[in-house]
Amino acid sequence: MQYRKKMISVILTLLMLCAMILPLPVAASDGSISITGVTSPIAYAARQAAIKVSENAAISNSGSFSNGSLVYTIASATSDETLSVPESLSPATGNGDVSIVAGAVFLGDGAQAVQVGSINSVNNGQNGKPLQIDFSTPLENGDFLSNVTGNVIPGWTVNLNQVTLGPLASKTQGHPVSKSGSGPYVITGQNNSYSFTTDRNYNTAGSQGYEGIEMPMAYPGTYNKQVMYDSTIGKKVLRMWFSGTVQDNGGTPYDSVFGPEAISAPFSAKAGDTIAFDWKAENGGDDYEVYGFIEKLDGNGHVTETTELMYGRGLRQSWTTSTGTLASDGTYQFRFVCGSYDNSGGHGLGASLYITSVRLFSGNINYEVVQKVAQMVTYHNDSNTPAPVRNITMAATNEVGLSGSVPITLNISTVTVPSAPTLLSATPGDGLVGITWSPVQDAAGYKVFMNGDSVAGAVYSVVDSVYQYVATNLTNGVPYTFAVKATNDGGDSAFSNQLSATPQVAAPGAPVLQLSASGDSYASIVWNSIIGATGYKVYVNGDAVANAVYTVTDSVYKYDATCLINDTLYTFAVKATNAGGDSAFSNEVTATPHRSSSGGGGASAPSTTPATGAVVFVNGTAQNTGTANTSTLGNRTITTISVDPQKMTQRLDAEGKNATVTITANAKSDAVIGELTGDIVKAMEQKQATLEIKADQASYRLPALQIKIDDVRAQIGQEVELKDLKIHVEIAKPTQEVAQVVEDAAKKGNFIVVAPPVEFSVTCTYNNKTVSVSKFNAYVERTIAIPQGVDPSKVTTGVVTEPDGTVRHVPTKLTVIDGKPYAVIRSVTNSAYSLISHPVAFRDVANHWAKDAVNDMGSRMIISGVGDNNFEPDRDITRAEFTTIIVNALGLKAGVGDNPFTDVNASDWYSDKIKTAVEYQLISGYGDGKFGPMDKVTREQAMTMIAKAMTVTGMKVELSAGEVEDMLKGYGDAGEIAAFAKNNIATCVKTGIVSGRSGNLVAPKDSISRAEVSAIVARLLKKSNLI
């Protein structure tokens, strides 16, 4: 017996110890709602992935949670702590499925997903704030987050006029106040007059009447609206206000003026549903007087019932909530009326009404919905030195105010911070320094710092397996200091040792010199171009000469020596030079100038060739409508072909629409200009004609409509007649400066220029004012000849080089014209175009199904690798990566337009690409001002962006509603396709750009890999006839 008692005692002791050590389920300790199953304490390592805090929470059946909430609060929270709910890219539609998309809570019913709640915009769990999930359904743009275009507020109709309420102004009717004197009233002001209904009080009911009797009068004032951000509640709101002045010439008026008013889009609701909205009001010139109604509509959209939800009159009303319950099923709309009451008499009228969070509470939000949301909530702590214990309170409140809460404890540990690495080397180069360092155990990555340990932020971060970094775009001759830190989830190490290096360009190689000509007192020498040279020094009479007699720039490879003594032997040599120094001497050449027997000699002055007739072709038929003039400017020859306006107009009239006017320059010039007057261009525009300029090595096809001659004239001045405008369409060899930019870009971009750059430009001139046309609404075609001796298969793409050295791919297709190879380039901008060789073969696609597409897109500079010549073809692509690839593929200039997204920062590597994608309407965000750049792209999102890209490439695909359904019905999961994506997916399928996955599945919600995107983009460009 004694032994049995001891055993029982031991067992009880062990159970008590287990209870002290093991986490146990915790139940709600207060309120009327029972919360069970929450495990506490929970172990968590700071800076690690977020952990669920109520994964097994169970909430009792406590009635409806419509208009209820779920709130998590951290005691003594810090800004390093975050509470959040994982979000999906699209709502789940399965029966009972709960999902969070862009801050909205959705509940699936087996056919669709309906929004039943949202994350509170103020208590959003970020930076230590409580996480509050409100279980209500905003109406269409009931939170005013949708973009406002012009005067249109999506989901709302705003009437910026005087509003006559009549009997609806029930709060103010029949309430007399003192009034002395007699009318009439005269109301004056500076703005346009409006007719309005007075709402006057009198102390007698005679001819004057009581308040509420309509008395139309002329009233000057303005009615205004705006969507604005209210910092006191952290939300977007609609503000309506009225302003004006009133003056009485016979007594004291007490008028009310109503307007503007806002009416919501109609919505369906059921009996018992709750409606609510938040509002505030404030005086302007005098008191506010505002109304809020709910209106029931019949099948024709006519109002059949009006119920007052809110009335206010006074000086100021802070934010408050008004609610109501619908009595019957039907279609409803909200109506909000702003008004102003002249409380003081004879003074200003004006007041503001603010509205937000207009919402509907459906009766289907039960405890199971709240429970599923609770099971998703996570906690993350980003602090290097977190408190060891964190306490969270989870609280749930239902529709009638019943609540329950439960405490959750987290025991926080930390990850060991890695030790400092050792910087091993710093090797300088031309505009760069390469550094290496030793690996560090437990490091997840490394941060590189440049110019001292005082630098606040790393200039570059690499992953754990990379122990080197090359800093580029540095200034030669300037010393740079480098240091490195190792990093992991525990934080950053101390700085490594520092190493310094000074980037310096290497001296160029020596040129090869030739004698070009010699004559009376002169000699000419030429030499080859040297890569890396910025200039050349010319030496005369032996290598013993200490100083060059002449220095020329890199793009000049000759020298004319004049004023020499005839019959005297001269020796010439050349050195190439750059910032790294001079090359060795070239070979020597000699010359003995002498006077020819015929006398004369010497160099001729620049001249202008007299104007001659030129042939212009219209639809391939030669027309004697042009005049050619060749002149020289410096060392450049310029051929200008002017078109006779009268003759060309007559020819266009005879040819009709869609004619092609071809201007051909037979002379080999540095620049070829087609010159037309503005009235010719206008005539060509009206007849949808195309202008083509043909030079020796390039051509330019430009629809006249793209010149936008009316816009050009507006920029110069509307009073200018079109016939006085001169339009120059030019094909030219680049200037020395542009050629240098292209060469420098090739060095940095690791590609070879196989056809020298050609500049295409369109300018419009009147007197001394010139307007450049550099951007078009559609692709414009340019053709560049592939030089003799260049293998066309080595040409990977055409590129644009911007003045700042930025290089971008433009869609390029190789073709053969009259037996000669050409590259056809299509782009929406003018600039300097070059043909390049940039072959790419990623190591990790050598045996991949998408090898050809991936390497082709890489060679065209559309996609890029991830380092070490790898591509990661099977990794799911992010929205930022996908957007960047689409912009690159279409050859669009980055950084054009604005960034509307709050989660895309100017410093992000993809920000300029996203600006351009928004400008060309290729992308849209989630509707809450966010883009989600790091989110994975779903197949339906990808096909939507591809379909939008087709409008840029010029692919026209028209589908009827019935054809869309027929196109998709063969797929077993067509019911999962979001409404916004149906047309886009059908378009992609019809064109063959995208096909199904795994037989008869579209897989719209699946992610899409980098390899798949490469193949899809390649097909888009090929089917658009761009490559």
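The chain as shown is numbered from 1 upward.
Just so it is clear, glycine is given a Cβ too, placed from its N, Cα and C backbone atoms.
Annotated features in TrEMBL:
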DOMAIN    417-508  domain 'Fibronectin type-III'
DOMAIN    510-596  domain 'Fibronectin type-III'
DOMAIN    837-900  domain 'SLH'
DOMAIN    901-960  domain 'SLH'
DOMAIN    968-1027  domain 'SLH'
REGION    587-608  region 'Disordered'
SIGNAL    1-28  signal peptide
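Counting residue by residue with DSSP, the domain 'SLH' (837-900) contains 23 helix, 5 strand, 36 coil.
Confidence annotation: the domain 'Fibronectin type-III' (510-596) carries a mean pLDDT of 76 in the model. For the domain 'Fibronectin type-III' (417-508), the number of residues in each DSSP class (helix H, G, I; strand E, B; coil) is 0 helix, 41 strand, 51 coil.
Under DSSP, the residues of the domain 'SLH' (968-1027) split into helix, strand and coil as follows: 31 helix, 4 strand, 25 coil. Within the domain 'SLH' (901-960), the DSSP-based counts of helix, strand and coil residues read 24 helix, 2 strand, 34 coil.
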